[in-house]
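Colleague: Before anything else, here's the structure in question.
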Amino acid sequence: MLYRTAGQFKTSYEADQALFPVKQDAFLLGIIMLFALVIFPLTASEFAFQTMLIPVMIYALAALGLNILTGFAGQLSLGTGAFMGVGAYACYKMVTLMPWMNPIVAILLSGFFSAGVGVMFGIPSLRIKGFYLAIATLAAQFFLVWLFEKWAWLYNYNASGAIQVPNLDIFGVYVTGPQADSMVQYYVVLGIVALMTMLCINLTRGTLGRTWKATRDMDIAAELIGINLMKSKLTAFAISSYIVGVAGALYVFMWKGAAEPNLFDIPLSFQVLFIAIIGGLGSVLGNYLGAILIVGLPVVLNLLPGALGLSISSAMVEHLNIMIVGSLIVFFLIVEPHGLNQLWRLIREKLIIWPFPH
Amino acid sequence: MLSDIFINPFVDMVAAPDFLMQVLWEGLVSGILYALIALGFVLIFRSSRIFNFAQGIMVVFAALTLVGLHAYGVPAWISVALTLGVMFVLAVTIERVVLRPLVGQPDIILFMATIGITLFLIGFGETIFGGENKQMITAELGIPTGDTVLEPFGGLLILQHLDITVVIVATLLVGALLAFLNYTRMGRAIRALGDDHQAALSVGISLQTIWVLVWFIAGIIALVTGIAWGARAGVSFALEVIAYKALPVLMLGGLESITGAIVGGLMIGILEKLFEIYWGQPLLGGNTETWFAFVLALVVLLFRPQGLFGERIIERV
């Protein structure tokens, strides 16, 4: 009843192709945006900003980037963490070499570096397929992390080998570094993530997105109907790596504040892959749902023993955490292999026909 | 610069043949362990098309269970038997709880599920046995620990008895496995399932039994590898790096090929050691072993996309 789509007639192709052809969808998004833009920032504590709001956005963006490659173009990649690292290091080099640069511009530019590296490691995908390609992307993962460690120029010859985010401001307001306010950082992240999401939604609806999907579903058939596979796969690698790189820059500059090479090691890649898969491959919304689950779960699990009045050592909580996350991943895969996005789709179908069964 | 890359390493090799032999020997030992892990992986992949990421963690988990049981006061050989029991229970549980509900799902979903199993095993192992590094019970298992010093070409070649044992045991295990696969009913059933799923099912081979069996064999291999590797480096989840090492081996040898796993393992073990000693350390600042195997496999794959021994990929529209 509340979600009834009957009676919303489209009289032109433009109206039918609109971003939100159903009024209720747009209304729902409006409510979510109200929460994201006004209610969360006003009510959230420092703890909530640092453990939930900012990381969820950043992880969702990284997963979105991976989803472009794996979910839309069908090229499985396990090197996401390293590409995030490329973005972060590129951003760090830019703001330290050119301190006058606007940090947001630097973050957006750093994606181009990871896009370049991504295309380079994407070239083998023209010949290698499936799991062979997945392992091939691991070559990028291990090689790049090794490079972050050994190439001292990248971290300005620091004794510690880590990169430290400097204090940077836009018009007198600090946006990065220890002096920045969490709320400001949250708005910057939200802005960039929203921009990227818009970009992705429209890309995946358009020619490029359809080319990717054709490549994913059967690349030989796609080639036969005249799709240039090289162009299709490499653009997927480029755009995916660009978004992942921006997410990496945000990850370090807006959230972590400092980074060592092993931060970008394989667990990060897997975390992002989990988000993309649990959220749903080939979806945009799913990345957000997946990020909320994967980022939120450890936070909740950490708070739980205290709330229940149990005293468990923090090492034990850590171990239990890993165990529970692992079993939940298996659980979600069994219950809904197509991800949370599919779950939402089913709920929406039900809402549309409610209160009738068919 | 060019001579550093193309000439000097070979000059060094010829100048100190005893050192070269030492490097080759160490490469061979780690190569045989890579081959073992890759073998467990290939068995599972052939019979169920599951890209089992958990293989490396099963190695650590088996070693951890063994050491943990012994720490609770169980005699060494009984702990080995008990650990085998645990690996069997693990195989049955994985088949029942994870694989059976996921039959017929896309490959990537099953792959993710094995990563889920990986995380679960890490958490479970650490919860029960603790996360700190432990000593492998080498002496209690009767594994010799001394070394033999040979003097070829007037130099020194140190062979750890432990390594010799590892090479012998691993060779025996591979031999036994090949005999099992080629000459027993069960083994042939596994191979039949690998060749053609539906044909195998239609002649009455039980999918479930075979799956439990291959996961159990993978568990046995994991235990042997775990003991061998644990004796060299101690038992902790840091060992999972060797899990990643099995992946380029598979890529190089081909995901379905048992020969490929063995040849690929030995090749990668030896070549990465050679590269690290003669090129990595002098020119690149060392620690190249983390990526060399992957890049090598990547280059080979560019010329043979199915690996050296993999099934030819035939694509139809």
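Quick reminder: no glycine exception, Cβ is built from N, Cα and C everywhere.
Just so you know, TrEMBL annotations are computer predictions that nobody has curated.
The annotation transmembrane segment is assigned in TrEMBL to B:23-45, B:52-72, B:78-99, B:108-129, B:164-184, B:205-229, B:249-271, B:283-303.
I'd like to know what surrounds each of these features in this structure.
Modeller: Beyond the ends of the transmembrane segment (B:52-72), by six or more residues, the same chain brings 37, 40-41, 44-45, 79-80, 82-83, 86-87, 90, 111, 114-115, 117-118, 121-122, 124-125, 128-129, 134-137, 140, 218-219, 222-223, 225-227, 229-230, 235-237, 239-240, 242-244, 246 to within a C-beta distance below 8 angstroms of the stretch.
Here the transmembrane segment (B:108-129) has Cβ contacts under 8 Å with residues 49-54, 56-58, 60-61, 64-65, 67-68, 71, 94, 98-99, 102, 237, 240 of the same chain, all six or more residues outside its ends.
Counting only same-chain residues 6+ beyond the ends of the transmembrane segment (B:164-184), those with a CB under 8 A from a CB of the stretch are 28-29, 32-33, 35-36, 39, 143-144, 148, 190-191, 217, 221, 224, 228, 231, 258, 262.
Sequence-remote contacts of a segment are chain residues at least 6 beyond its ends whose Cβ falls under 8 Å from one of its Cβ atoms, and for the transmembrane segment (B:205-229) they are 33, 36-37, 39-41, 43-44, 47-48, 52, 55, 58-64, 66, 80, 83-84, 87-88, 90-92, 94-95, 99-100, 136, 141, 143, 166, 169-170, 173, 177, 186, 189-190, 192-193, 235, 239, 242.
Sequence-distant contacts of the transmembrane segment (B:249-271) (same chain, at least 6 residues past either end, Cβ-Cβ under 8 Å): 24, 27-39, 41-43, 45-46, 51, 174, 178, 181, 194, 292-293, 296-298, 300-301, 306-311.
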Colleague: Taking residues 6+ outside the transmembrane segment (B:283-303), which of them lie with a CB under 8 Å of any CB in it?
Modeller: 4-5, 241, 245, 247-249, 251-252, 268, 271-273, 275-276
